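**Q** This is the structure, below, for whatever I ask next.
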Amino acid sequence: MIESTIISQLEEASAVLSNFIEQEKKQNSIAKAADVITSSLKQGGKIISCGNGGSSCDAMHFAEELTGRYRENRKAIPAISISDPSHMSCVANDYGYKFVFSRYLEALGNKGDVLLAISTSGNSENVLEAVKEAKNKGMFVVALTGKDGGKLLPLADVCINVPHVGYADRIQEVHIKIIHTLILLIEQSLL
């Protein structure tokens, strides 16, 4: 019983990744996203990332791999995850959770920066508000989504969508591979 569960889970994860790879061969969205991000960084911009739950962890992981290190030693790359508990609780209490990311961008987002918006459904209200604010500020938007891309799909400059309609964990597993690939491409472009 345990062995069959383990094998079925790994096979399902492999199938979701394989399906995404076939789509990516046609769309080339990861390369487009890396190009948008590196162009911004080369012009003095920064990357601000956001998401909810596991996607928040992915947003933090992305930022720390850039400000810290991924595989090799290199200069720090400007990236911030919107995850400060004081900011989040203040804005959620005073304005509503819908605005926790957009208020941060209102304060710290600049024209030419990049917002990495992560939502497995593509419909997270606070992420959509962040995208609206990013667009108002003249920022570029790269989105990581799942399912059909949701409302986020048409709003992003580049949307990397994992077309899986099952549980979000499978989408998140592919998102972390995408994040690591983006970081590798960013490093290769900047070094």
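Every residue number used here counts from 1 along the chain in the order it is shown.
Each Cβ is built from the backbone N, Cα and C atoms, and glycine gets one as well.
Values in this document were obtained by computation on a predicted structure and should not be read as measured data.
Taken from Swiss-Prot, the feature substrate binding site covers ASN52, GLY53, GLY54, GLU65, ASN93, ASP94, SER119, THR120, SER121, SER124, GLN172, and the record attributes it to sequence analysis. If you look up Swiss-Prot, you'll see HIS61, GLU65, GLN172, HIS180 marked as Zn(2+) binding site, on the strength of sequence analysis. The feature domain 'SIS' is assigned by Swiss-Prot to 37-191, with sequence analysis given as support.
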**Q** Restricting the comparison to the binding-site residues HIS61, GLU65, HIS180, which residue's C-alpha is spatially nearest the C-alpha of ASN93 (substrate binding site)?
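**A** Its closest listed neighbour, by Cα, is HIS61.
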**Q** Of the binding-site residues listed here (HIS61, GLU65, HIS180), which is spatially closest to SER119 (substrate binding site) when Cα positions are compared?
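**A** Going through HIS61, GLU65, HIS180 one by one, the Cα closest to that of SER119 (substrate binding site) is HIS61.
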**Q** Where the record says ASN52, GLY53, GLY54, GLU65, ASN93, ASP94, SER119, THR120, SER121, SER124, GLN172 bind substrate, what is the longest distance in Å from one Cα to another among those residues?
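**A** Greatest Cα-Cα span of the listed binding residues: 32 Å.
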**Q** In this structure, which of the binding-site residues ASN93, SER121, GLN172 has the fewest other Cβ atoms within 10 Å of its Cβ?
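**A** Candidates: the binding-site residues ASN93, SER121, GLN172. Fewest Cβ atoms within 10 Å: ASN93.
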**Q** Could you tell me the C-alpha distance between HIS180 (Zn(2+) binding site) and GLY54 (substrate binding site) in angstrom, no decimals?
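**A** The separation of the Cα atoms works out to 16 Å.
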**Q** Whole-number Å distance between the CA of HIS61 (Zn(2+) binding site) and the CA of GLN172 (substrate binding site)?
**A** 12
**Q** Taking 10 A as the limit, how many CB atoms besides its own sit near the CB of SER119 (substrate binding site)?
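**A** A 10 Å sphere around the Cβ of SER119 (substrate binding site) contains 30 other Cβ atoms.
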**Q** Just counting, how many other CB atoms are there within 10 A of the CB of ASN52 (substrate binding site)?
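**A** The answer is 19 other Cβ atoms.
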**Q** Between GLY54 (substrate binding site) and GLU65 (Zn(2+) binding site), how far is it from one CA atom to the other, in Å?
**A** 16
**Q** Between SER121 (substrate binding site) and GLU65 (Zn(2+) binding site), what is the CA-CA distance rounded to a whole number of Å?
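**A** Their Cα atoms are separated by 24 Å.
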**Q** When DSSP states are folded down to helix, strand and coil, where does ASN52 (substrate binding site) land?
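**A** Looking at the DSSP assignment, ASN52 (substrate binding site) belongs to neither helix nor strand, so coil.
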**Q** With the cut-off set at 10 Å between Cβ atoms, which of these binding-site residues ends up with the most neighbours? Options: GLY54, HIS61, GLU65, HIS180.
**A** GLU65
